[in-house]
Amino acid sequence: MAFNLRNRNFLKLLDFTPREIQYMIDLAIDLKKAKYGGYERKHLTGKNIALIFEKTSTRTRCAFEVAAFDQGAQVSYLGPSGSQIGHKESMKDTARVLGRMYDGIEYRGYGQEIVEELGAYAGVPVWNGLTNEFHPTQILADFMTMLEHGKGKRLDQIKFAYLGDARNNMGNSLMVGAAKMGMDIRLVAPKAFWPEEDLVAKCRLIAEETGACITLTEDVKEGVLGTDFLYTDVWVSMGEAKEAWDQRVKLMTPYQINMDVINATKNPDVKFMHCLPAFHNDETTMGKEVADKYGMKGLEVTEDVFESEHSIVFDEAENRMHTIKAVMVATLGD
């Protein structure tokens, strides 16, 4: 069933019903099939899209650009040093300027209140590419990937665990998404790194309606048992000081996804997910610093898990583009 999401902002999953979320995922699946099949139709021809990036990006930027190009749109990239936003011009004013020039605006940056203000004043669809609190386009890609690898299970039949820093934008967003879609989510983390209590309470209220199960636990074995998917993210988020590493590594090491954790699921077909980039070896500058300082080749996930048959991280990364395309088509397409 089609939904009319035209001219809607896409700022956080809390703003959407389960059926609207499922519609966007289904649309992404259809668009992916069309791209691979060579019969994709352009729904954004003649549209101009602004991409505001106050934080750097690989996957999100590329996904928005390729998705827009595939659909016939033109994009302008405004990078961290490429505009006056927040320096000489407020977001409220920027929104009203860009809204006169562009048909849609993506924002990736800091506080959720910034993208909310952009959405309130732009007068055109605004899409959240990541804020400190939420990362909704990633969740659409994650759930699409779970459907592809879930052996025919619906989202409300899937069990998954998120290990690590559960108070960050990924922990928040996965919990909201799971609550909306009636899923069984286990947030496995030190108690100090659980999501804010008010957000947990909101999600539990949603879960009462959807049948979702939300578990917060510090016990890794209890949290991962019987899951279909294991998910993690970096232990120190974008913008945090390097000084945070020492304490974070000490607290988070028990929550590393390694082969012992894979085996603890008791599911030989369990799949591993990560929004990327991941610290899984010492082949990057940061990875080498970590290896030299802590004697660990890999932090939140080990190399043997990341490169194993359990890992579906690159399918997940590709699906960023298909789901972002679906969001733009649903809210801006003809």
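Using the three backbone atoms N, Cα and C, a Cβ is placed for every residue, glycine included.
Quick caveat, the model's predicted, so the values are computed rather than measured.
As recorded in Swiss-Prot, the features of this protein are as follows:
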- Ser57, Thr58, Arg59, Thr60, Gln84, Arg108, His135, Pro136, Thr137, Gln138, Cys275, Leu276, Arg320: carbamoyl phosphate binding site (BINDING)
- Asn169, Asp233, Ser237, Met238: L-ornithine binding site (BINDING)
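By a simple count of nearby Cβ atoms, those within 10 Å, the most crowded of the binding-site residues Ser57, Thr137, Asn169, Cys275 is Thr137.
Around the Cβ of Arg320 (carbamoyl phosphate binding site), 27 further Cβ atoms fall within 10 Å across all displayed protein chains. Once Cβ contacts within 10 Å are tallied over all protein chains shown, the binding-site residues Arg59, His135 are led by His135. When the binding-site residues Arg59, Cys275, Arg320 are screened for a C-alpha within 10 angstroms of the C-alpha of Asp233 (L-ornithine binding site), the residues that qualify, in sequence order, are Cys275. In this structure the alpha carbons, written CA, of Asn169 (L-ornithine binding site) and His135 (carbamoyl phosphate binding site) are 6 Å apart.
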